[in-house]
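Engineer: Dropping a structure here in C-alpha cells format, bear with me for questions.
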Amino acid sequence: MATTLAPAANHLVISVVDQEPFITREPRPSGDYYSGYLVDLINEISRRANFTYTFKQADEHGRYLSTGWTGIIGDVVKGEAQIGGGALTVTTKREEAVDFTKPYLSNSVNLLVQKPTWEDLGLGYLVRPFSADYWIMLLVVLLLIGIVFFVIGKFSPYEWGNVAADRDPRGAKNSFTLRNSYLFALSTITWQGFREAPHSLSGRIMAAFWWMFILFSLIAYTANLTAYFLARPEQIPKMPFKTYEDLLADTNIRVGVLLSGSTESLLRNSRSETLRSIYSKINAQNTFVGSYSEGAKRVKTSNGNFVMFMETDSAEYYARKNCNLMIYGDTIFPSNLAFAVRKGSVWKGIFNTIIEDLKDNGYLEQLKDKYWHFSGDCTNIDGRKYVETGGHLSSLPIYPITLKDMAVAILLLFLGFIAAMIFLVIEIVHYAVTKKGKKIERPKILKNPPKIFRPKTKAAKAGPTDVELGEEAGPSSDGLESVPLEDAEDPGAGSGDELRGDEAKA
C-alpha cells in the first residue's frame, strides 16, 4: 500500500515540461526563469497553502514503457517530485499510477491548421444563394411555363373573347400569345405588374401555383443572399478537407501529434476506426513532433500540407499568436487538466480545496483570459465558425439552396401543372357540349368601326358642310377632326365625297 506523504518542511519539488502558455522556461545567468499560466496558478496556491517550491524539468508528460513510467508521471511515481505540474491530461491509464487533483481547466482535442486562402467571389456572388442544379431547374421551368400558358391560351375556349370595336378593331382576341406568355412569366418572376391575366379557370390555376412557386423561390433567394452578405468579410474560405474521413483519404496532407502525449494514446486506442487509421497514418509517416511549438511552426510553414492534433487550449493560444493559423475539426476527446500527486498524498486534499475556491471566485477564469484571450491580436481563430460548410467539421449555417431544400415549392408547381391540364380538358369538353361546337371567330367586317382623329389641314375652308359635319361628329376640343376608320386607312381619299354624301342625306 502506498505511503502517505506529509508536507515536510513545506517545500515541494514540482515536475514540469515546457509548453506555452502553461510553462515557459527562459534560461538566465542566475538560473532558469519560469512564467506562464501554471506558474501564476502555483504561486497563488503556494501563497494560500504556505509552501515553497522548486521546478524540476522533465523531458515529457509521461508514458508507460516496459521499464515503467517516464516524464512527469515517472517523477511523481518514483518520488522525485511531489507534484506533477505540467499541463497533464487526466487519463484512465495515468490514474492507475498517480492521483489527480480537481481539474483547473477543461480541454479537448482539435486540429491546428493553416488558414485557407480566401477566394474572390467576383461577379458570381449574386448566384451563390442557389445551387447550380436549382438555377438550371429554374431556367427550364421558366422556358416551360411560357409554353404552358401559350397552350392554355390557344386551346382553352374561355381565353378567347369578343372585344368591343371601339376598344380593339380585331374583334376576337387571345391575350396569351407565345410572346405575351413569356412576358407574363418574366414579369411575375421579378414581381412586376402585368397587363393581361388569364381568363380561363385552367389558366388561373396555373398562374396561382406559378405565383406560389415564385414567392417561395424569391423569399429563399433573398434570405440566403442576406446571409451570404453578412458572411462576406470572411469570404467563406474553403478547406481541402471537411471531415476526418477526408483527411484520412488525402495523401497530400500529413498529420502530426505530440510524441508521448495523451492525444497520441487516445488516437491509438480510440473506438473510432477513422481515428485509429489516422494514427496508423501518423505512425507510418513518422510525423510525431517533440513539442507543440515545433508542431505549430511546421503547420505555419507547410503551405497547408501539414496539420496537427492539439489540445484545444494550446491550439487556441498558437492561433491567437499566429494569424495564419486556426482551429479546425470536430471536437474529440473531451478531458480535464489537473495536478498529479502520489497515491495517498495529503497534498491532493490541500490542492483540491484551494482550486475549488479559485474557481468559485473567478480567479481561474481571469487567469485564462490573461494567457489566451488577451495574449494575441488575431481574430477568426475558430475555422469551424466561418469555413464553408459541406461536412461535419464546419458549423457555418450558410450553404446554397438545393432542389431538396425547395422540394415543396417544386411539388406545388407540378401539382398546379397537372390541375391546369385537367381543367383545360374539362373546359374544352364543356364548351363543345354547351355551345354545340361553336367557336368565337374574328369578324370579317366590322360594324360601327371606331373613329380616330386626324389633324385638320390649313387649306381646309369653313363652309356650310363643315357646320353640318360638326353637328354630326363635332370637332374635338384639341382641334382634331373625327373621321371613320375606313378613311383613316386611306389617307389619300379626301373628305369631300363624305361631305357630299352627308348633304344628300340632309
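Cβ from N, Cα, C; glycine included.
Here the structure is a predicted model, which means the values were calculated and not measured.
Pulled the feature table from TrEMBL, pasting it below:
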- 11-374: domain 'Ionotropic glutamate receptor C-terminal' (DOMAIN)
- THR89, ARG94, SER262, THR263, GLU311: L-glutamate binding site (BINDING)
- 134-152: transmembrane segment (TRANSMEM)
- 208-231: transmembrane segment (TRANSMEM)
- CYS323-CYS378: disulfide bond (DISULFID)
- 408-433: transmembrane segment (TRANSMEM)
- 452-506: region 'Disordered' (REGION)
- 497-506: compositional bias 'Basic and acidic residues' (COMPBIAS)
Engineer: Quick one: which residues besides THR89, ARG94, SER262, THR263, GLU311 have a Cβ within 8 Å of the L-glutamate site's Cβ centroid, in sequence order?
Structural biologist: HIS61, LEU88, VAL90, THR91, ASN107, GLY261, SER265, LEU266, PHE333, SER335
Engineer: Would you give the longest CA-CA distance, in whole angstrom, between residues of THR89, ARG94, SER262, THR263, GLU311, the set recorded as binding L-glutamate?
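Structural biologist: Overall maximum Cα spacing for these binding residues reaches 17 Å.
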Engineer: Please identify, from the recorded positions SER262, GLU311, CYS323, the residue with the sparsest Cβ neighbourhood, meaning fewest other Cβ atoms within 10 angstroms.
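Structural biologist: Comparing Cβ neighbours within 10 Å for the recorded positions SER262, GLU311, CYS323, CYS323 has the fewest.
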Engineer: Select the most exposed residue of THR89, THR263, where exposure means the fewest other Cβ atoms within 10 Å, treating these as the binding-site residues.
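Structural biologist: Per-residue Cβ counts within 10 Å for the binding-site residues THR89, THR263 bottom out at THR263.
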Engineer: Sort out the sequence-distant neighbours of CYS378 (disulfide bond) for me: same chain, 6+ apart, CB within less than 8 Å of its CB, listed by position.
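Structural biologist: Listed in sequence order: ALA319, ARG320, LYS321, ASN322, CYS323, LEU325.
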Engineer: List the same-chain residues at least 6 positions away in sequence whose Cβ sits under 8 Å from the Cβ of ARG94 (L-glutamate binding site), in sequence order, or say none.
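Structural biologist: The answer is GLY62, ILE73, LEU88, PHE100, SER262, ALA340.
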